[in-house]
Structures are given as C-alpha cells and as structure tokens.
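Marked as substrate binding site by TrEMBL: ILE15, GLN16, GLY17, ARG30, THR74. Among the features that TrEMBL reports, [4Fe-4S] cluster binding site is placed at CYS34, CYS38, CYS41. What TrEMBL records for THR43 is Mg(2+) binding site. Annotation source TrEMBL lists domain 'Radical SAM core' at 21-198.
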Amino acid sequence: MNKALYPIVEIFSSIQGEGFHMGKGSTFIRVAGCNLRCSWCDTQHSFDVSKARWMSVEEIIEESEITHQHVVITGGEPTLYDLGPLVQELHKLGKYVAIETNGTNPIPADWALDWITASPKPGSDFALCCQADELKYVVDDEFTIDCITKQYLPEGRIFLQVESGRQESAQKGYELINSHPDRRLRMGIQLHKILDVR
Ligand code: SF4
C-alpha cells in the first residue's frame, strides 16, 4: 500500500486541447496548489489546496474513471508533490503518463514520465528547471522571442500559445513565427475552448 496523498481538484476525461498531443482523448488528473499567479490563469479554482480532496494513489485509481490510455497530470503545479508513486501505478495499468508543469521545479528522472509539457511563465522569469518534451509560451504583451529557452528540442515542439483567445496575442504570435523562421515555432491554440468542451 502506497502512503502518498495528493490534493485532487478534479479527475475528468476529455480531449487534450493543446500542444503536441492536441486532439487525443485524455484523462486529466488536476492537483491543487501553484507557486505562481499568472494574470491569465484559467485554472484559478485549483489554487486553494484546502478545498481539494487528499486522495491516495489507490483512491485515485479505484474511485476515478481513468478511461483513456493517455493520462495528463496537471494543475495548478503538479511538481509540488512527489508524483513518482502515482505515475508508477498508472504505468502498471498500461497508461501513457504526461505532465503539464510551469517548469520551475526539477523533475526527477525516476518518476519515469512519458511526456513533459513545460510552460515557462513570466512570474518565474521564464525559468526552465526541467527537461521538457515540448514547450508552450503564452504570448502576452510582455512576451518577446528572447523569453524562449535555448534548450534543445526536436522541430515543432515549441508552441506560441494565444492568450485566452485575444486577437492581439494571436497577431503577435503570428508575426513572431514569421519573423523568426529559424526557430521553427508553432502556433498554439486551445482546441477544447474552440469546441466548447471541458
Ligand atoms: S503556473 Fe499555471 S496554474 Fe499556476 S498560476 Fe500560472 S497558469 Fe495558473
């Protein structure tokens, strides 16, 4: 029996609406708490850890419907907790386990995550403290090309994310992609919001 407990906000199945795996059926496990406070954050309901339900790995797996093979641990900021035991049990079920992080914490290799999406944020000076499989940058008014880390990634894995559907953000991302073809950037959208699903 594993003793790890996690503050869970919600567990639900939908589609991955962003990034490299966009469109895939996915089960999301959202943990509470975040070390940043981004102005555009659309998951502020996950900030308050006291409103979350502390669940063991067994409870998460037995009480939840983790229907999809693609599982995304998100938040808030999931690296505030030791995710190793949870990832291990999900792997035993044959799940592909991805994480969404703001990149401010190192991610231990022994968590053995299958995919790391890091989204460095202005509140942390765009610090990136983990090895990522893809990077997502929200294009707000302050964002510049110099905010993007030089960390090596295969082509097509750095996304410029439109800020909450703002036209100015979309235009700025479009211009950055076209003025820096050497960086091989991609435009990022939120498909779940366009489709008006969860
Ligand atoms: S890091 Fe993510 S969860 Fe935390 S405040 Fe920023 S957008 Fe919200």
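Glycine residues also receive a Cβ, built from the backbone N, Cα and C atoms like all the rest.
Remember, predicted model here, so these are calculated numbers, not experimental data.
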Averaged pLDDT, computed only over the residues in the domain 'Radical SAM core' (21-198): 95
Pairwise CA distance, CYS38 ([4Fe-4S] cluster binding site) versus THR74 (substrate binding site), rounded so that it is a whole Å: 15
Between THR74 (substrate binding site) and CYS41 ([4Fe-4S] cluster binding site): CA-CA distance (Å): 13
Chain-internal residues near THR43 (Mg(2+) binding site), provided their CB is under 8 angstroms and they sit 6+ positions away: ARG30, THR74, GLY75, GLY76
Candidates near ligand 1 among the binding-site residues ILE15, GLN16, ARG30, CYS38, THR74, judged by a Cβ under 6 angstroms: CYS38
ILE15, CYS34, CYS41 as binding-site residues, winner by CB count within 10 A: CYS34
